[in-house]
Amino acid sequence: MNECYYDKTMEFFYNRTKADTADEWRGPQLIGVLCFGTFFCLFIFISNSLVIAAVVKNKRFHFPFYYLLANLAAADFFAGIAYVFLMFNTGPVSKTLTVNRWFLRQGLLDTSLTASLVNLLVIAVERHMSVMRMKIHSSLTKKRVTFLIISIWAIAIFMGAVPTLGWNCLCDISVCSSLAPIYSRSYLVFWSVLNLVVFFIMVVVYIRIYMYVQRKTNVLSSHTSGSISRRRTPVKLMKTVMTVLGAFVVCWTPGLVVLLLDGLNCTDCGIQNVKRWFLLLALLNSVMNPIIYSYKDDEMWATMKRMICCTSEDKSQERRSSRVPSTVLCRSTDISGHYIEDGIIQGTICGKGDLGDKGNS
């Protein structure tokens, strides 16, 4: 029977796997890393809080897609918490950690990744339902969206706790990985392959949806006289989603590939030399998402700016009269369930047809 090492500190496992714990991080270098990480974590907290508050505050965002977008911002906020915990429990501190504290450190990171990934997958399903029914927003009820959000976090927490629940190498140190000294190499292979496969599936689905929306919009455009901004509303919304997905894939894929190589016991791949840079790249994803939301959606940016400047909606309408209409469908249009064709023909997609009296918000 194999001996288990639950009572050992992480120094035992790091020394055995010869993993680099950055003992050279001292003085100015350590201070620089902490300042850099603190700045980005603060930005993550503030910016994603603004996104969540914007969805709550602006009634034009009270649709399933934006509820899920707010939940994605919540996942990024949680990622900021995970990075703060990691920041003060890494480097030379790593070897002093107990097994349970190290599991908590990695579990927070795994939970944040899973929450973002599953949320993007649910958004893909929501977009598919909406597009194939030729609607801007799906007809999901608030109860169903709430259930989906609770399910997303339940799955994320479970996946983050899997190594703690038993899939580790504490009782068989011969299969311990290098990057994660108490994770089994088989778990790293499972984890990285699962995420990469989901990445690929989502990219294929979004490309298919985008091509369908683009083709359908072009057909409708040739038969209507509505403004270009109104005809392109579905395409704008899909571009926002695809930009978020693209940033997620670009930021997380290198790290997952490194984990896969470690799981396959690639000793000549130099993974120790790049792990910190790929972790930083993953951190940047949580920084980029709020910027993408505000850049791609004028209504989102306007709402966030009003909250920052503490101005009311009425006072800000005149300043934004020249801005391009938001990609959000007018509330009255979505409640009545009009199709995109009807919205384009009748001019009900948010533009001067519905919002002319409100300053083209």
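Positions of Cβ are set from backbone N, Cα and C atoms, glycine also.
Any TrEMBL annotation is an automated prediction that lacks curation.
For 30-53 (among others), the entry in TrEMBL reads transmembrane segment.
If you look up TrEMBL, you'll see 47-293 marked as domain 'G-protein coupled receptors family 1 profile'.
Residues or ranges marked as transmembrane segment by TrEMBL: 65-88 (among others).
For 108-125 (among others), the entry in TrEMBL reads transmembrane segment. Taking Cβ pairs closer than 8 Å, the transmembrane segment (108-125) reaches residues 65, 68-69, 71-72, 74-76, 78-79, 81-83, 85-86, 148, 152-153, 155-157, 159-163, 191, 195, 198-199, 202, 205-206, 209, 241, 244-245, 248, 252, 282, 285 in its own chain, all 6 or more past its ends.
Taken from TrEMBL, the feature transmembrane segment applies to 145-167 (among others).
Sequence-distant contacts of the transmembrane segment (187-207) (same chain, six or more residues past either end, CB-CB distance under 8 Å): 110, 113, 117, 120-121, 124, 127-128, 162-163, 167-168, 177, 179-180, 238, 241-242, 245, 249, 252-253, 256-257, 259-260, 262-264. What TrEMBL lists as transmembrane segment is 187-207 (among others).
According to TrEMBL, the feature transmembrane segment maps to 240-261 (among others).
Residues or ranges marked as transmembrane segment by TrEMBL: 277-295 (among others).
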